[in-house]
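Straight from Swiss-Prot, the features:
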BINDING   R46  O2 binding site
BINDING   H50, E56, H94  Fe cation 1 binding site
BINDING   E56, R98, E109  substrate binding site
BINDING   C124, C127, C161, C164  Fe cation 2 binding site
Amino acid sequence: MARLSAFNFKAWIDEHRHLLKPPVGNKMVYEDADLMVTVVGGPNKRTDYHDDPVEEFFYQLEGDMVLKLYDGEEFYDVPIREGEIFLLPPHMRHSPQRPQEGSVGLVIEAKRPEGAADAIEWYCFNCGNLVHRAELMLTSIVDDLPPVYQAFYASEEARTCGSCGEVHPGKEPPEGWVTL
């Protein structure tokens, strides 16, 4: 067994900073660990909410972000400023928004228990009802998520609210949806 050692995390971030912006936006720190330790960069904007079966730990290293939450009754924002941390409970619908260029955050979550599904949900910007939910067995953020998003964006039927008939905009949120 190889000897274990620490490394300079700030230097690691600087070395991988080119990946922390669109279109990639994130980089796993450890590939073969029981924790998914991910560094995420801004800017990003998204319109989906994630239903994660495990807790997520957020530590905002550089710049600020907003975590949009839906608790089943109310939509609300939790700003996470540079230097702040936040622990998200399992199954709390959340939409991480990092509007600041060059912002960097650390997200830590456990690998999924056997058989535990993640879900991506989109809600109507007009009436707030669920428009579409896609469940998946998440093993790789990079490989597993893009097909889910592409399928939703490509289907007007999937993007049409069953309650009010409004068509979800897909990838682009309405102007002013994210404020710090």
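Heads up, residue numbers simply count up from 1 along the chain you see.
The backbone N, Cα and C atoms fix where each Cβ goes, and this holds for glycine too.
Fair warning: this is a prediction, and the values are worked out from it, not measured in the lab.
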Cβ neighbours within the same chain of C124 (Fe cation 2 binding site) - under 8 Å, at least six residues apart: L130, V131, C161, S163, C164, E166, H168
Fe cation 1 site, defined by H50, E56, H94: further same-chain residues with Cβ within 8 Å of the Cβ centre: Y49, D51, D52, L67, L88, M92, R93, S95, P96
Protein Cβ atoms within 10 Å of H94 (Fe cation 1 binding site), excluding its own: 22
Within 10 angstroms of E109 (substrate binding site), Cα basis - binding-site residues out of R46, H50, H94, C127: none
Binding-site residues (C127, C161, C164), the one with most neighbouring Cβ atoms at 10 Å: C161
Additional residues around Fe cation 2, ordered along the sequence, whose Cβ is within 8 Å of the centroid of C124, C127, C161, C164: F125, N126, G128, N129, V131, G162, S163, G165, E166
Spatially closest candidate among R46, H50, E56, C127, the listed binding-site residues, to R98 (substrate binding site) (Cα to Cα): R46
List of residues, in chain order, with Cβ under 8 A from that of H50 (Fe cation 1 binding site) and at least 6 apart: R93, H94, S95, P96, D118, A119, I120, E121
